[in-house]
Amino acid sequence: MSTAVDASVAVTEQEDVENILGGKKVAVVFVLGGPGSGKGTQCSNIVEHFGFTHLSAGELLRTEIKSGSENGAMIENIINEGRIVPSEITIKLLQEAMIKSENDKFLIDGFPRNEENRAAFENIKLSPEFVLFFDCSEEEMGRRLLGRNQGRADDNIETIRKRFGVFVESSLPVIQYYDSKGMVKKINAAKPITEVFEDVKTVFQPYGPKATQMPSRE
Ligand code: UDP
Ligand code: MG
């Protein structure tokens with residue numbers, strides 16, 4: 001009997017590997033850091049210079065709310081309380097976005113946020129190339145969140161406090177886990193945008209310039 005069980009597990013795992021992105025092979029970098037650490041801003045710079053596609057887990061969830069999906073109200077409640085949406089929802093959105101894209105290198109911004117997220121993503125047999133961690137003090141992140149005025153319902157003092165709490169309690173352990181495997185590239189994110197990007201560039205240099213970049217016409 002144990003043989004039969006082993007065999008079925010083996011088949012399932014093999015199917016997973018092949019079907020997870022419809023057979024598509026991708027390279028993924030996790031971009032992590034507290035709320036307001038500059039993940040989205042720096043991801044835009046990386047996209048421009050190194051040809052990655054930016055997938056913000058938070059943006060995908062906000063789009064899902066707006067699309068009027070059946071999970072929309074539930075996702076909205078969780079985000080407004082600064083808590084973390086169940087992995088299967090976020091992972092499905094990330095998978096769909098990677099399959100739909102013509103690109104094969106992705107920045108996954110703001111995910112995984114807790115151990116459950118991380119373990120669930122490991123189950124789809126996709127390991128990140130490395131983890132980019134934007135390190136910033138709460139004081140500075142709080143200033144940025146309250147100053148940025150992007151119309152986000154969760155950028156208010158009360159929810160920001162909860163998001164900081166969730167970051168320290170649930171997300172930092174994920175960063176520590178990857179750090180223990182030597183996979184974290186830590187960036188001092190408390191500096192101005194251009195200075196932070198200088199450090200980011202050093203990390204991404206081995207990935208070469210954006211392939212489609214045209215020589216400048218002058
Ligand atoms: N969120 C989530 N899972 C994710 C990413 C985001 O549940 O994988 C939710 C969570 O409630 C978070 C919110 O979306 O507080 C906003 O996330 P985003 O990354 O956009 O913002 P950040 O907090 O990093 O500024
Ligand atoms: Mg963001």
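Sequential numbering from 1, following the chain as shown.
Quick reminder: no glycine exception, Cβ is built from N, Cα and C everywhere.
According to TrEMBL, GLY36, SER37, GLY38, LYS39, GLY40, THR41, ARG148 bind ATP; the candidate from LYS100, LYS105, LYS185, LYS191 that the record adds to this site is LYS191.
DSSP assigns THR41 (ATP binding site) to a helix.
LYS39 (ATP binding site) has GLY110 as its nearest neighbour among the binding-site residues ILE84, GLY110, PRO112, ASN117, ARG152, going by CA to CA distance.
For ligand 1, the binding-site residues lying close by, meaning a CB under 6 A from one of its atoms, are ILE84, GLY110; the full candidate list was SER37, ILE84, GLY110, PRO112, LYS191.
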